[in-house]
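What follows is one structure encoded as structure tokens, with my remarks underneath.
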Amino acid sequence: MSTTITGLDSTLYNADLRPIPRSARTWKSWAYLALWIGMSINAATWTLAAALIAMGMDWIQAVMTIVLANMIILVPMVCNSHAGTKHGICFPVFARAAFGTRGANLPALLRALVGCGWAGIQTWFTALALDLAIGVLVGTPWTGAPTVSLGFIGEQRITLWLCFLATAALQVVVIAKGFEVVKKLQQISGPIITIAIVILLAYLLIRSGGNFGPVVSEPSTVGWGREFWLGVFPPGLMANIAFWATLSLNMPDFTRFAVDQKAQIRGQIIGLPASMFAFSLLAVLTTSVAAYVFDVLPETLWSPDALIAALGNPVVVVIGALIITLANFSTNVAANMVGPALDFTNVFPRFLSRGAGVVAVMVIGTCMLPWRLLESPESYVFVWLGFYGGITGAIGGIVIADYWILRRTKLNIPALFHRDGEYSYSGGWNPHAVVAFLAGTVFAIGGAYSTVVDGVSTGPFPEQGFIPWLQPLYDYNWVVSFVVGMAVYLLLNLSNLSYFRDTRDAAFPDPISPDHTAPDLVETSPTTV
């Protein structure tokens, strides 16, 4: 006898959004540890320390800032991960509890757009490494190819454009194959890349005679006083918190496959901070030693492909470039494309599968011109990381307040797929969540400003901020956004505490019933799932 699920709405449901049944949850701690190792090792994280050092920090301050930021973002990440493991749901579905069945499209689309930006950045990093490897193998016919100017979009060799397009297409194919392929990719890539970096550092240390180079010996230009703690540290910390801010929201996309809570918690609390500490430290040391060995300025080697190219030996350069390609590719697939693809699927479940969602991610990510975004550390830290951190923080504060404080982790899962259920609120939107989100966002990024160096603005924002009296808060944007969003949401719901107290858990039926028959899906909408 099969199970009947009534009230499903095809505008809220498809196979990619369906809760994962317990019988299909097989990921253990190693899967999440490998996931974080694989996601943490890439060109973008390699440049994090470089951006902080460019702001005046020494290498100890830079690595300390990165580690502290990751310890902070780990808290909301594990909190949100709980919902994925307990209820088997992905983030877009989880967000419906707080924002409403329709309102969840707001955080989903915002998170998707941020993910698209990151997907574009990582694809560009991957294309650069792939271009380097092919250039060494093919030579002048590749490296001397004509450039193509696309006006304000940019000017690059046609062969580099081809690498970008090929990388984008391959990423779409991999994700379309499913989550198990993504998991296997992380488990393979992480150890290979880590071993390769350690070997590279050892090789450079031998050549340098044990000299760790100029970056390690260079003192901080801001010291450890007021200029550091109130000047460069806050925006640097917020930028590094924001680095994984989208993952802190969409980890349920992965933890819904966990065998239990211990598996995902153990894997994450070890995997994230340890991986980011180790990789940031390796990036600093390797770049510093290489600068000494090749007698060049460290800033010329902060890009991984530039460092590999400096090695000179064609075989080593090709192998190194391919390893960088693997590192960026594996990170991008897991960290930047899975979540946004599900977000787009959540908004248009009748029209977009996961594969079509990935195509949308890549198209939008390309339109964001990632090569432009990476032109300076200032734009990377303040414009990109800082600005979107101020947006995603409020979403995290709201969903955590709703799930942990008000609902005490209880959710009626079938109702999340019902347009007229308890999560429909007002026309599918929860006004309290929208108001809290707007409040958190305005307070966090309303004061967005750009610094002026030698009379020239270093970013797109006004020197005094959009709203001058909010300018001091922009340096703490993610924290401000998170705290204000959470506080406003809780205040607005003080009169609804009895509603939340009555919340009860209700599970989504396992698709395979005891007699091995699939459930009947009875919809309230006229279309067929």
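Using N, Cα and C of the backbone, Cβ positions are placed for all residues, glycine too.
Annotation source TrEMBL lists transmembrane segment at 30-53 (among others).
If you look up TrEMBL, you'll see 59-79 (among others) marked as transmembrane segment. Proximity of distant same-chain residues to the transmembrane segment (59-79), defined by a Cβ-Cβ separation under 8 Å and at least 6 residues beyond the stretch ends, is recorded for 48-49, 52-53, 215-216, 218, 220, 224, 228, 233, 236-241, 243-245, 247-248, 251, 264-265, 268-269, 272-273, 276-277, 280-281, 284, 288, 396, 400, 403-404, 482.
With a cut-off of 8 Å between Cβ atoms, the residues of this chain six or more beyond the transmembrane segment (112-138) that come close are 42-44, 157, 159-160, 163-164, 166-168, 171, 245-246, 250, 303-305, 308-309, 314, 317-318, 321-322, 324-325, 328-329, 331-332, 335-337, 339-340, 343-344, 361-362, 364-371, 373-374, 384, 388, 391-392. The annotation transmembrane segment is assigned in TrEMBL to 112-138 (among others).
Panel annotation: around the transmembrane segment (158-176), residues 119, 123-124, 126-128, 130-131, 134-135, 142-143, 145-148, 182, 185, 325, 329, 332-333, 337-338, 341, 354-355, 358-359, 362, 366 of the same chain, lying at least six beyond its termini, place a Cβ under 8 Å from a Cβ of the stretch. Summarising the annotation, TrEMBL assigns transmembrane segment to 158-176 (among others).
Positions annotated as transmembrane segment by TrEMBL: 188-208 (among others). Counting same-chain residues at least six beyond the ends of the transmembrane segment (188-208), those with a Cβ under 8 angstroms from any Cβ of the stretch are 34, 37-38, 41, 278-279, 282, 285-286, 289-290, 292-293, 319-320, 323, 326-327, 329-330.
Under the heading transmembrane segment, TrEMBL lists 228-249 (among others).
Residues or ranges marked as transmembrane segment in TrEMBL: 270-294 (among others).
What TrEMBL records for 306-330 (among others) is transmembrane segment. Residues of the same chain lying 6 or more positions beyond the ends of the transmembrane segment (306-330) and with a Cβ under 8 Å from any Cβ of it are 38-39, 41-44, 122-123, 125-126, 129-130, 132-133, 136-137, 167, 170-171, 185-186, 189-190, 192-193, 196, 200, 286-287, 290, 294, 296, 300.
Annotation source TrEMBL lists transmembrane segment at 351-371 (among others). With a cut-off of 8 Å between Cβ atoms, the residues of this chain six or more beyond the transmembrane segment (351-371) that come close are 14, 16, 112-113, 115-121, 123-124, 153-154, 156, 164, 168, 171-172, 175-176, 336-337, 340-345.
The annotation transmembrane segment is assigned in TrEMBL to 383-406 (among others). Non-local neighbours of the transmembrane segment (383-406) in the same chain are 76, 79-80, 82-83, 94-95, 97-99, 107, 110-111, 114, 117, 235, 238-243, 245-246, 248-249, 373, 433, 436-437, 439-441, 444-445, 448, 450, 459-461, 474, 477-487, 489-490, 493, 497, 500; each lies 6+ residues outside the stretch with a CB under 8 Å from one of its CB atoms.
Remote same-chain partners of the transmembrane segment (427-449), defined as residues 6 or more beyond its termini with a Cβ less than 8 Å from a stretch Cβ, comprise 98-103, 106-107, 386-387, 389-391, 393-395, 397-398, 402, 419, 459, 461-474, 477-478, 480-486, 488-489, 492-493. Annotated transmembrane segment per TrEMBL: 427-449 (among others), in sequence order.
Marked as transmembrane segment by TrEMBL: 476-494 (among others). Sequence-remote contacts of a segment are chain residues at least 6 beyond its ends whose Cβ falls under 8 Å from one of its Cβ atoms, and for the transmembrane segment (476-494) they are 76, 98, 234, 238, 241-242, 245, 386-387, 389-398, 400-402, 405-406, 432-433, 435-437, 439-441, 443-445, 448, 500.
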